[in-house]
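Feature list (source: TrEMBL):
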type    : residues                                       : note
BINDING : Glu44, Asp69, Asn109, Asp131                   : S-adenosyl-L-methionine binding site
BINDING : Lys135, Asp167, Thr205, Glu206, Tyr207, Glu208 : substrate binding site
Amino acid sequence: MRLRGRKGIREDIERQKELVVMNAKDHKGKWAELFGNNNPIHAELGMGKGRFISEMSKKYPHINFIGVDMYDELIRKASEKAKVAHEIQSEEETESGFNIPNLKFMLFNIEHIEEAFADGELERVYLNFSDPWPKKKHARRRLTHPGFVEKYKQILNANGEIHLKTDSQSLFEFSLNSFADMGLRMRNISLNLHVDGIHPDHVMTEYETKFAGQGMNIHRCEVVIGQDALAAHLDQLSKPAAE
Ligand SMILES: C[S@@+](CC[C@H](N)C(=O)[O-])C[C@H]1O[C@@H](n2cnc3c(N)ncnc32)[C@H](O)[C@@H]1O
């Protein structure tokens, strides 16, 4: 078997011009143009092998999805998964790969996320099983550190939300404290998301499948960021709870 080296993988993903965005900074403020519509844009930051974002894009065709990761190999794996999830036939593939109208993969380092998106360009950020960086001296690298959350606040729109899932209790505690310290409103907090079994409508990530399969608790919460999202949330709270 011929093993493809790093160069081969880079060539593979560079060829996939329809699906893979290598020059994200060039699209800052122009992602709607790239998708060809003004539908909301949801991004998974640190998508890994891309199962979640591919399945979400299939399930919700009127939302544009962007999967972000910094490793060539993961972008390539994600593009293979997207092809299978969207049942793309070989004859649909051209020199520049295949097109899924509401899905893009972006090779990028999240540390500079504000250089890829203009203010208010995204509606939702998904942080699924982000690296927990357990050592205190690495706290700034956690994707829920206030330094990162400030950037998400900037690029999210009036309906903006952050949705977080993790198996890591320490990252979850850190994240809740980080959101609370920033005065952000959280909702639907769960310490054991799959306590009653995995709901058939729930879209799983690769890590979630692995950890839930090992019997580990999955923690989840939503952070309400945008003004309109907050107003809708407060309005909902003001209504009497259904019996
Ligand atoms: C633990 S994996 C989780 C993957 C996937 N979300 C899941 O739940 O199966 C974390 C991912 O985040 C990516 N990642 C971590 N830090 C990143 C950064 N600064 N920029 C881009 N990707 C990053 C890693 O490459 C890895 O694929």
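Easy rule for this one: first residue shown is 1, then count along the chain.
Cβ from N, Cα, C; glycine included.
A TrEMBL annotation is a machine prediction, not a hand-curated record.
Shown here: features listed in TrEMBL, placed on the structure.
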residue: Glu44; record: S-adenosyl-L-methionine binding site; DSSP (3 states): strand
residue: Asp69; record: S-adenosyl-L-methionine binding site; DSSP (3 states): strand
residue: Asn109; record: S-adenosyl-L-methionine binding site; DSSP (3 states): coil
residue: Asp131; record: S-adenosyl-L-methionine binding site; DSSP (3 states): coil
residue: Asp167; record: substrate binding site; DSSP (3 states): coil
residue: Thr205; record: substrate binding site; DSSP (3 states): coil
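Note: the CA-CA distance between Lys135 (substrate binding site) and Asn109 (S-adenosyl-L-methionine binding site) rounds to 21 Å. Counting neighbouring Cβ atoms within 10 Å of each of the binding-site residues (Asp131, Lys135, Asp167, Thr205), the lowest count belongs to Lys135. Candidate binding-site residues: Asp69, Asn109, Asp131, Asp167, Thr205. Those with a Cβ under 6 Å from ligand 1, in sequence order, are Asp69, Asn109, Asp131, Thr205. Cα of Glu206 (substrate binding site) to Cα of Glu44 (S-adenosyl-L-methionine binding site): a span of 13 Å.
Under 8 Å, Cβ to Cβ, and six or more positions away along its own chain, Asp69 (S-adenosyl-L-methionine binding site) finds Gly46, Met47, Gly48, Gly50, Ile75, Ala78, Phe105, Met106, Leu107, Phe108.
Between the alpha carbons (Cα) of Asn109 (S-adenosyl-L-methionine binding site) and Thr205 (substrate binding site) lies a span of roughly 20 Å. Spread of the substrate binding residues is 25 Å (greatest Cα-Cα distance among Lys135, Asp167, Thr205, Glu206, Tyr207, Glu208). Binding residues for S-adenosyl-L-methionine (Glu44, Asp69, Asn109, Asp131) extend across at most 14 Å, taking the greatest CA-CA distance. Same-chain residues with CB within 8 A of the center of the Glu44, Asp69, Asn109, Asp131 CB atoms, the S-adenosyl-L-methionine site residues themselves not counted, are Leu45, Gly46, Met47, Gly48, Val68, Met70, Ile110, Ser130, Leu143.
Note: the CA-CA distance between Asp167 (substrate binding site) and Glu44 (S-adenosyl-L-methionine binding site) rounds to 17 Å. On a Cα basis, Glu44 (S-adenosyl-L-methionine binding site) lies 11 Å away from Thr205 (substrate binding site). Sequence-distant neighbours of Glu44 (S-adenosyl-L-methionine binding site): residues of the same chain at least 6 apart with a C-beta under 8 Å from its C-beta are Phe52, Ile53, Met56, Phe65, Ile66, Gly67, Val68, Val125, Tyr126, Leu127, Asn128.
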